[in-house]
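**Q** According to TrEMBL, the record shows the following:
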- 8-29: domain 'YSIRK Gram-positive signal peptide' (DOMAIN)
- 49-129: region 'Disordered' (REGION)
- 49-62: compositional bias 'Low complexity' (COMPBIAS)
- 66-99: compositional bias 'Polar residues' (COMPBIAS)
- 112-129: compositional bias 'Polar residues' (COMPBIAS)
- 170: active site, proton acceptor (ACT_SITE)
- 423: active site, proton donor (ACT_SITE)
- 554-664: domain 'Extracellular endo-alpha-(1->5)-L-arabinanase C-terminal' (DOMAIN)
- 723-745: region 'Disordered' (REGION)
- 725-743: compositional bias 'Polar residues' (COMPBIAS)
- 776-793: transmembrane segment (TRANSMEM)
């Protein structure tokens, strides 16, 4: 199996007692299927300089073809231009289960099951967002190889198989350096692993199985947090569980009872109702667990007086750890009146948080922190003790330098309040930009709830976190209006791109990951516009804008060697499918689509009107689009789309200074480099006479036939024969750029090709004006004649 995006096809002619007629048959099939076209001009033959003659995806196993786009020597390079579908066929060995997705129930009780993406669901976007219709390469285009001045164009019809999908709600990504394995941990004890961020293996049979592979016997091991919330009461009545949104971190400083150090730490929450919750943690010496419960850290939903909240549980604060902390002098004594209202009978969720959705991370100095919270009083931050995993409570109330409150128990207030904040905070530090980035999710988590991810950043771990407008959300009272929509870059909402069979809906509760090379990945669950609450995990690459904002790319991560080069730049001009995620929280799929055109004169027309410029820094291509009121900055890149063919697409992704994210998508003509063995720019293709087993006396026939086919194929004009994605969808600007593109240097050697010719000192002249492409009849006649001669000769020998 190969997943690196290189084109690998095999073609092998075997010398055996089947006779040379089988060779001619294989070559003829390839020629008849359009599998090979050749152009060449006169050149001196160079001995033992092999060149590929035939390639076809439809040949049987023993007649497979191989084009190695990575073949390299130390000398000059030429381009291999691969059209839209061929670069994707290398993923065809990826397997997925055959069963269809199982609908999940609403809210955080949705069942997590492994499922394929045979349907390959997609999102629908907000009311203000837009998509457009893009022509895609036809699936029925035939395989072809064109050797014209060393420019090889390949079209493949093979389909990629879908990834092995998994349904895990609220996925938190963790990379285990010890094993090189990625893990996601989610609500309802969902858990999965992957070696490539593409194919996931679930580590559970069903949600809330007990004993659990993560937490063992739930009722026994989680007895303490269950006393407060998360089992068999309120919205968990009837013996149900409410274990949500864990986060895992490797802590080398954790000290075990035996004095050994280092632990995987699993922070999680148990919850009953929308405000009575508790955050706890467990530890393990192995990443897959089971994890042993240690302690509970933060409680919410408590009152000063005896009270209930729709269940029989007494929510008096004395049933939490607060009284114990006060008695130990960890926090100042005295119940804070701001924690309650109604004379101590109701939890004040305008100020105090809902203790769910923990996110554990290290700051740049190596300190361990936990952010947490969901709507209610907002998002809070606590430092953790690395040796014990326990919270380091502020101990007394205070204020930050910018005026935010520091609560002696809950920690430092980061953002939100008055039930306007969102949920699922996730903070990650990027040493390359020296920013802390905080993701949160707005909206309701159901399919039509409008779940959407937002982004803020700060130079300090404890804030102030601001968006692209430089604004920090400040609320002074509750309102039914979604006033939080004005804050935070909308990373992604509902959307539908043309290559997707259905809209992605309510993508959210994300985590993020930065690899050792500095590459960003966004990990979230998403629902689909298919009438159910079924959800799956998606991983999107992110790229950093010139302004230091990570922006998600339109399509999910698919390992590939596709890269933008100088040869790609002419393709930047043209018409794109266009998506504006807007700023609103909306549960509606997109109602319309639109297009945008980046014109060669630097203007932008279509869905946006303005100007655009590009710059190149290192290996990155940056783009800026300016309209009358907004400046968008981001990147160009190349991705494979999410159609069944996984066509290469040129994309752009930008962040506006108005908090909007915009995407553009258009077909991309892939250019990959293949090595040559000479530096001469005018070098020509060498095709030598083919060798064959002379046992049956067909050496002369094979030589003449191969040369004849090569000569006739050489006559076909390059422009009429080259099959590229842009043949069907190019704009006038693109066609002009293609016409004016420089001639590519000739390929003199393609490694690993099995169909070769042993050269003489000088080859016959092969000029494209001296012959015409063979007809179907002449090719068939050649095969029949060869077969008859073979039979006749064999009988004569006997």
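Cβ atoms here come from the backbone N, Cα and C positions, even for glycine.
Automatic prediction, not curation, is the source of TrEMBL annotations.
Just so it is clear, the model here is predicted, and its values are computed rather than measured.
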**Q** Would you find the one among the active-site residues 170, 423 whose Cβ has the most company, meaning other Cβ atoms within 10 Å?
**A** 170
**Q** From the DSSP assignment alone, can you count helix, strand and coil residues within the domain 'Extracellular endo-alpha-(1->5)-L-arabinanase C-terminal' (554-664)?
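**A** Tallied per class, the domain 'Extracellular endo-alpha-(1->5)-L-arabinanase C-terminal' (554-664) gives 7 helix, 55 strand, 49 coil.
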**Q** Can you tell me whether DSSP puts the residue listed as 'active site, proton donor' in helix, strand or coil?
**A** strand
**Q** Write down the Cα-Cα distance for residue 423 (active site, proton donor) and residue 170 (active site, proton acceptor), rounded and given in Å.
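**A** Per the Cα atoms, residue 170 (active site, proton acceptor) and residue 423 (active site, proton donor) stand 11 Å apart.
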**Q** Per DSSP, to which secondary structure element type does residue 170 (active site, proton acceptor) belong, with helix, strand and coil as the options?
**A** coil
**Q** Average pLDDT across the domain 'Extracellular endo-alpha-(1->5)-L-arabinanase C-terminal' (554-664)?
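**A** It averages 95.
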